[in-house]
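Feature list (source: TrEMBL):
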ACT_SITE  CYS105  active site, nucleophile
BINDING   THR104, CYS105, ASN106, ARG107, SER164, GLU169, GLY170, GLN171, GLN175  substrate binding site
BINDING   GLY250, ALA251, GLY252, LYS253, MET254, SER255  NADP(+) binding site
DOMAIN    61-212  domain 'Glutamyl-tRNA reductase N-terminal'
DOMAIN    239-367  domain 'Quinate/shikimate 5-dehydrogenase/glutamyl-tRNA reductase'
DOMAIN    382-480  domain 'Tetrapyrrole biosynthesis glutamyl-tRNA reductase dimerisation'
SITE      HIS154  site 'Important for activity'
Amino acid sequence: MVGFVSVSAGVGTKQFAGEAICQRRDGAPRAAHRVLVMKQSGGNGQPKKQKVVTAGKVSVIGLSHHTATVEVREKLAVPEADWQSVARDMCELDGVSEAAVLSTCNRFEVYFVAEDSHKGIFEVSNFLSRRSGVPVVELRKFLFLLTEEDCIWHMLRVSAGLDSLVVGEGQILSQVRRCYELATESDGAAGKVLGKFLNTAVAAGKRARSETDIARGAVSISSAAVELAEMKSMPDLNKHLRETKICILGAGKMSRLLVQHLLSREVTSITIVNRSLERAEDLARMFPDAPIQLRTMGKMLECIEQSDITFASTGSQEPILFKENLAPVAGDEKKVLIDISVPLNVAGDVSEIESIAAYNVDDLKAVVAKNQAKRRALIIDAENLLREEQKTFSSWLHSIGTVPYITRLQTRAETIRAEELDRVMGKLSNLNKSELLAVEKLSKGIVNKMLHGPMSHIKELVDVEERKLVLKNLEAMFKLGA
């Protein structure tokens, strides 16, 4: 029996036979969040769906730095250019009506809407298995599943930077915004529900940063990587960071931030290696007073050989550094290699080179732990604000379910009105056309005024359980199911 990992904002989890029991930080048990459990049947060998307690319209399946190592995350990572094609492929799955993909260096998440959440979860998890080439039984050890309110809460925390490796970092909001933009394009895979959902997440992320101090003083992946280099430079290299020669592979945003933080620590020897020299020149122009050298990728190994510390931050979907190509230039002097790319730029066998101390994004956790402890009060402030956004979106989401009831109530009332008016028309034969129209208008006015109160009350209901009870009673009283 295998189950999904269960994650929830601000809680730890324990797994027992496919069921995850969430615990609060203070150790008190949280309401158990049961997840889909797949069990092999003895008959035809087909997976048998055993139980799903929550069955919301919106669900998320994914993995992050909380549940999987970078080596696992890179197997599912999707370049931004492919987010939409993967989402559209998901919409071809049986039962999935809307989909969106969010893939960053620290997380891979697919959000989707399914009428039958059991079927949707089954289809999506198997789709991810096929796409990654990882057997579904193995993949489920790392995937998390959240539905309904848990899914909504998770996305809001993600957008606000509260679920990030570096709490409060700003890059994730840009990534969520990009997810929204792509998903809602003319050929996007998001519909009414996911479009509203992602828009709410972007708005909530903005509010968290503008109305609280969660983003103030927050470190980034790049600054954490530089801090890690500072921590390792003396024990690994017997040098202070400012005395080291730095090589940076890549010229994107992460590399720009690396340069910024290295210069703030008085590093004077920085070389940027990039496939496009023009893009590297654009980056160097942002720091006109810094002695930055530029090289093309053809000089990559030469640059690494001449450097003490190398940061890898390219957009390559495959490793570019291996034991085979690094060993000849590694030399006897110790070198530090920090890979902050996902998928990884540095192959695992590089760690076999004795003179190279290799680190990746998962090694940043120790660095950011100190920062997180200081920011707990700010996290609470941001979460209070996010609860408001969650309540507003949840109310809108559940209100969609009232539309069929209101339509059936209006149809039922109109049928009764028309039948009763038709029954007495024979007694009104002496009325002229304008008088008959007045009677028609009067009957419609009476019905509309009688329905106005109940319909307004239903639309204004915020509490989900209260709304369900009212709709159930409404259906029984007016025989809407008949």
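Cβ coordinates are placed from backbone N, Cα and C, and glycine is handled just like the others.
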Requested in this report: Do me a favour and check the Cα-Cα span between THR104 (substrate binding site) and MET254 (NADP(+) binding site); whole Å is fine.
Outcome: 12
Report summary line: Taking all protein chains shown into account, the Cβ-based neighbour count within 10 Å for CYS105 (active site, nucleophile) is 23
Requested in this report: For the recorded substrate site, whose residues are THR104, CYS105, ASN106, ARG107, SER164, GLU169, GLY170, GLN171, GLN175, find every other residue on that chain with a C-beta no more than 8 angstroms from the centre of their C-beta atoms, and list them by sequence position.
Outcome: GLY161, LEU165, VAL166, ILE172, ILE221
Report summary line: For NADP(+), residues beyond GLY250, ALA251, GLY252, LYS253, MET254, SER255 with C-beta within 8 angstroms of the site's Cβ centre include exactly ILE248, ARG256, LEU257, LEU258, LEU283, SER313, THR314
Requested in this report: Just jot down the residues in the same chain as ALA251 (NADP(+) binding site), at least 6 apart in sequence, with C-beta under 8 A of its C-beta; none if empty.
Outcome: ILE272, ASN274, SER276, ARG279, ALA280, ASP282, LEU283
Report summary line: Record-listed substrate binders THR104, CYS105, ASN106, ARG107, SER164, GLU169, GLY170, GLN171, GLN175 have a maximum CA to CA distance, in Å, of 15
Report summary line: Cβ neighbour count (10 Å, all chains) around SER164 (substrate binding site) is 25
Query raised in the report: So how many of the residues in the domain 'Quinate/shikimate 5-dehydrogenase/glutamyl-tRNA reductase' (239-367) end up helix, strand or coil by DSSP?
Result: 54 helix, 32 strand, 43 coil
Query raised in the report: By a simple count of other Cβ atoms within 10 Å, which of THR104, ASN106, GLN175, SER255, the binding-site residues in the record, is least packed?
Result: GLN175
Requested in this report: Identify, in sequence order, the residues in the chain of GLY250 (NADP(+) binding site) that are 6 or more apart from it along the sequence and have a CB within less than 8 Å of its CB; answer 'none' if there are none.
Outcome: ILE272, VAL273, ASN274, ALA312, SER313, THR314, GLY315, SER341
Query raised in the report: Relative to the Cα of SER255 (NADP(+) binding site), which of the recorded positions HIS154, GLY170, GLN175 have a Cα no more than 10 Å away?
Result: none
Report summary line: Expressed in Å to no decimal places, the gap between the Cα atoms of GLY252 (NADP(+) binding site) and GLY170 (substrate binding site) is 16
